[in-house]
Amino acid sequence: MGIDAFNMMRMSVEVRGSLPSLAQGTKVSLPDFSEDYHRTAPGVVRAHLAQSFQLEGSSSLPIPYVVDQTISFEQCPHSPEAMSGTQRLHVNRNYITFDATDSIVRYAHLATIAPISGVNPCDAAECPEHSSCVPEGTEYRCQCDSGYEQLHQAESCTTCAVRTACVDIDECSTGRDNCHAWAECFNLDGSFACRCRPGYTGDGHDCHKSVSLACAALQCHPFAECVEPAPGYASHCRCGPGYQGDGHTCIQSAGLTADCRLTPQLCDSNADCQLDPQSGSYACRCRAPFEGDGFTCSTRSCRECHPDATCDRDYRCVCNDGFEGDGVTTCKRIVDACAELRCHPAAECVPPSRQSPRHCRCRPGFAGDGQTCLPTHDDCRLSPHLCDVNADCEYDFRATRYLCRCRRGWRGDGSFCAKGSCQEIGNCHPDAVCLYDKQLDDHYCACIPGFSGDGYDCTPEMETTCDVVNRCSPEGGECVRDSRGRYVCRCRDGYDGDGVKCEPVDECSTIEQCHPHAQCLYDGRRYRCQCNEGYEGDGQFCQPAQVEESCDRLNNCDPYAKCLYDPSERRYRCVCQSGFEGDGYTCRQPQPPRTCDQCGQNAACIHLESGPVCQCKSGYTGDGTLCIAAPKVEGGYLLFGQGMSILQMPFNPTKGNPGKLLLMEEQQTVVGIAVDCSEGRIYWTDAATGVIRRAWYNGSSPETFRSGLKSPEGLAVDWASRNVFWTDSVADTIEVASIVGDYHSVLIDTGLVNPRGIALHPTLGKMYWSDWHRASPRIETAYMDGTGRQVLVEGGGLELPNMLAIDLEHNDLCWTDAGRRTVECVNLSGSGRRTVFTPAEYPFGLALAEGHVYWTDWNIPFIHRVDRNGGNSDPLPLPLGSNGKLYGITAVPAQCPPLANACSHQNGGCRHLCLPSGQWGRTCHCGEEDPDCNLVAA
């Protein structure tokens with residue numbers, strides 16, 4: 001290295017780190033800047049720069065960054081000292097771009113550097129020994145060198161030399177070293193050194209026991225040691241004192257007097273477990289002509305060995321490779337012996353030895369008995385080979401770690417996957433059904449009429465469809481239009497068959513036998529298991545019904561209710577007094593009939609079946625009596641979560657406007673996402689860190705809204721009552737927090753198993769949520785104060801309901817079902833259930849906007865769109881700038897829907913939480929923070 005012909009010195013610099021994720025085509029603008037380099041000590045040059053860059057064409061604020069440099073070099077000891085040298089680097093015409101061809105980021109600029117005149121703040125600095133001066137504008141600070149720390153903190157740098165001292169850090173005694181557990185730490189002046197202990201080799205940071213290469217390959221048991229070979233013999237594993245076994249498996253020894261009937265594997269292969277007449281207990285005894293303690297048996301002479309055996313150094317006769325036996329009387333050739341063992345794919349077949357018979361042994365990285373092997377490293381991201389070729393490494397929210405999961409059409413533990421029946425994994429072709437064969441006692445796939453094939457691959461036949469000639473079963477069959485636009489016969493819910501022939505589903509025999517305390521009953525549509533009187537459950541599992549203590553003992557009725565005996569329910573229950581309405585536990589006076597005369601200036605009177613209702617006009621928000629102009633916020637697009645990022649996409653993306661990356665937070669996993677259209681904020685759940693975050697629509701000012709949660713997933717915002725609702729799949733709760741004021745409450749904490757999606761209807765004062773409890777999946781509803789809970793959808797093939805969304809215009813509730821691979825909708829009353837689209841792959845998030853249904857899919861990296869009435873789906877490509885699995889999605893309206901409830905105006909008169917309870921009803925709630933508050937504001 002030296003100066004070249006142009007009087008320049010060239011060098012290569014390697015910079016390690018990470019770059020922020022930016023959307024493709026984004027241009028980075030970096031202004032011109034100057035940076036001062038100060039020579040602060042012999043062989044040390046320091047520089048400090050605080051700068052910012054901005055994304056061109058973006059309204060976001062400048063993004064700051066700091067560069068703090070320390071350049072160390074070996075200075076010539078004979079050169080004159082020049083401590084006061086300061087150089088100023090001028091940088092302009094910065095150019096930063098991403099080269100898609102070479103997949104690299106290119107950075108170029110023009111720079112000049114020259115000495116500057118003026119006072120260097122470090123010229124007059126008197127820093128203590130083992131430290132250097134760091135200029136910061138016109139000030140400076142003394143910074144201890146690496147390996148040293150300040151003994152005292154100075155009040156100002158003018159007294160640095162007097163008040164501070166830099167002393168050596170004893171990394172060894174303070175635990176700051178990174179030496180291995182089998183290494184010794186030695187403190188040095190300004191540093192430390194690691195050295196492996198005797199019997200171990202390595203660099204001190206990573207030490208291994210000193211063993212031969214042969215011993216390293218044996219993989220002895222933790223309670224065994226590798227015995228170095230004698231001349232002519234191989235190394236072998238030997239159990240340590242107090243343990244018995246072959247060295248690969250060591251079991252604690254119970255002594256010669258132990259009852260070997262409980263642990264027969266302790267006896268040598270040439271020994272039997274026999275009764276000892278003297279001790280009266282069973283012990284291992286060598287068979288003739290072998291001798292020993294029963295745990296180890298050998299012969300005195302190698303002349304007795306079988307012709308297909310070899311005598312080892314301990315005078316043991318051991319059958320040669322490919323043979324098995326006692327080595328003396330028999331040595332039989334092994335014929336495909338390993339095939340009979342059926343070892344796990346992650347295991348190997350170990351030939352027999354004098355210590356153990358032929359057996360399966362898990363390979364390195366796995367643990368088990370050989371027939372079943374599980375990964376010992378639980379993060380398959382670092383060891384992808386742990387997963388089966390038909391499995392993927394996915395994050396498990398319940399286990400809070402990455403696990404191997406078999407793909408659709410396969411079943412197993414992830415490390416080993418095998419094909420499963422269609423009844424278990426639903427791997428039939430979309431134009432096929434899964435049928436049960438009573439003779440074979442198994443399920444199989446069969447193509448529906450109009451298609452031919454093996455059920456896993458079906459092709460259309462040239463036949464007349466059922467819309468022309470209806471051949472569908474008159475009992476339980478119907479002619480429907482499938483997702484491909486063809487009319488096919490299909491059995492209705494409660495019936496099984498190919499559509500031409502349908503029979504009532506006999507769940508009692510085809511799925512699972514009823515519990516001993518249940519009966520198989522036919523309810524007019526199908527057979528199902530039903531628990532006997534006095535028991536409760538789903539029929540497959542019944543338990544004694546818990547006797548609920550009623551109001552005659554608990555005295556828990558509302559002050560305006562009475563505790564009366566109900567003969568039909570055979571128990572006491574609370575009943576509101578005359579002039580009040582409610583469930584008896586909460587009673588309120590009914591709202592007076594509303595008239596159009598009560599409507600505000602910016603409201604319209606809408607006549608419903610329940611009577612006239614005042615509703616704010618478009619562009620206004622309120623309860624209809626008082627309507628104010630809605631805040632103007634930019635909307636009309638989709639927001640969705642992908643990995644650590646939130647992305648924005650138009651309802652109708654184009655090549656010129658495909659969407660963009662909005663924000664990214666390290667280590668987070670965006671699951672549920674919702675918006676507050678009133679303020680223009682985004683709210684999302686982070687299941688990885690257990691928090692709820694929020695930011696403005698443009699992604700600026702991200703902050704934590706709620707923390708300390710276990711696993712928040714589904715999320716919904718009631719912009720009218722100013723509350724945020726969410727589900728927690730680990731705590732098994734549904735919770736609420738107010739947007740204004742730090743008030744929080746757990747609404748439901750019983751009867752939940754795996755709650756996920758949640759949706760709200762502000763005017764009805766209701767919330768809806770999904771629970772993908774595998775034994776009994778369901779969709780439930782309740783008032784927003786947690787009362788009036790009831791099941792809305794269950795059965796009918798509901799399997800894994802994920803996220804929910806409400807069509808406020810048509811009063812429909814829609815959801816994704818990853819088990820049925822469908823997108824479905826139902827009226828808010830629970831009637832009119834229909835399938836909007838099938839087959840999806842693994843649908844998760846759901847949003848409704850402009851007459852379309854949008855959803856995300858865990859297995860397909862697209863946003864999917866279909867008309868709300870069904871039809872073919874349109875895959876919408878994702879904008880660049882992020883990666884990972886797709887989760888929640890929401891539609892951002894151009895303005896808030898003109899809906900309101902009892903909490904919309906002045907918080908419903910409540911002091912803390914105002915929770916809507918039905919149409920124009922509300923409940924004042926103190927919240928967890930102040931349970932004894934005054935409910936109603938003065």
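Each Cβ is built from the backbone N, Cα and C atoms, and glycine gets one as well.
Where the annotation comes from TrEMBL, it is an automatic prediction and has not been curated.
Annotation source TrEMBL lists domain 'Nidogen G2 beta-barrel' at 1-123.
Sequence annotations record features per position, and here TrEMBL assigns domain 'EGF-like' to 118-158 (among others).
Residues annotated as domain 'EGF-like' in TrEMBL: 168-208 (among others). Counting same-chain residues at least six beyond the ends of the domain 'EGF-like' (168-208), those with a Cβ under 8 angstroms from any Cβ of the stretch are 130, 145-149.
The average pLDDT for the domain 'EGF-like' (211-251) in the predicted structure is 67. Here TrEMBL flags 211-251 (among others) as domain 'EGF-like'.
When Cβ atoms from all protein chains are considered, those within 10 Å of C220 (disulfide bond) total 22, not counting its own. The disulfide bond annotation in TrEMBL covers C220-C237 (among others).
The domain 'EGF-like' annotation in TrEMBL covers 256-298 (among others).
Annotated disulfide bond per TrEMBL: C267-C284 (among others), in sequence order. C284 (disulfide bond) has a Cβ environment of 24 other Cβ atoms inside 10 Å. C284 (disulfide bond) carries a strand DSSP state (E or B).
Residues or ranges marked as domain 'EGF-like' in TrEMBL: 334-374 (among others).
For C360 (disulfide bond), other Cβ atoms within 10 Å of its Cβ number 19. TrEMBL lists C343-C360 (among others) with the feature disulfide bond.
Residues or ranges marked as domain 'EGF-like' by TrEMBL: 376-416 (among others).
Non-local contacts of C387 (disulfide bond) by the CB criterion (under 8 A, 6+ apart in sequence, same chain) comprise C380, C393, C404, G414, S415. For C387-C404 (among others), the entry in TrEMBL reads disulfide bond.
Sequence annotations record features per position, and here TrEMBL assigns domain 'EGF-like' to 418-459 (among others).
C445 (disulfide bond) falls within a strand segment according to DSSP. According to TrEMBL, the feature disulfide bond maps to C428-C445 (among others).
Taken from TrEMBL, the feature domain 'EGF-like' applies to 462-503 (among others).
The Cβ of C472 (disulfide bond) lies under 8 Å from the Cβ of C466, E478, C479, C489, R490, G499, V500, each of which sits 6+ residues away along the same chain. The disulfide bond annotation in TrEMBL covers C472-C489 (among others).
The domain 'EGF-like' feature in TrEMBL is assigned to 504-543 (among others).
Remark: secondary structure over the repeat 'LDL-receptor class B' (765-810) totals 0 helix, 24 strand, 22 coil, with classes taken from DSSP. Across the domain 'EGF-like' (547-588), DSSP assigns 4 helix, 16 strand, 22 coil. Each of the disulfide-bonded residues C237, C428, C574 was assessed for Cβ neighbours inside 10 Å, and the highest tally belongs to C428.
Cβ neighbour count for C557 (disulfide bond) (all protein chains, 10 Å cutoff from its Cβ): 23.
Taking the Cα atom of each, C360 (disulfide bond) and C445 (disulfide bond) are about 36 angstrom apart. Between the candidate disulfide-bonded residues, C343, C489, the densest Cβ environment within 10 Å is the one around C489. Within the group of disulfide-bonded residues (C267, C404, C445), the Cβ with the highest number of other Cβ atoms inside 10 Å belongs to C404. Across the repeat 'LDL-receptor class B' (680-721), DSSP helix (H, G, I), strand (E, B) and coil residues number 0 helix, 23 strand, 19 coil.
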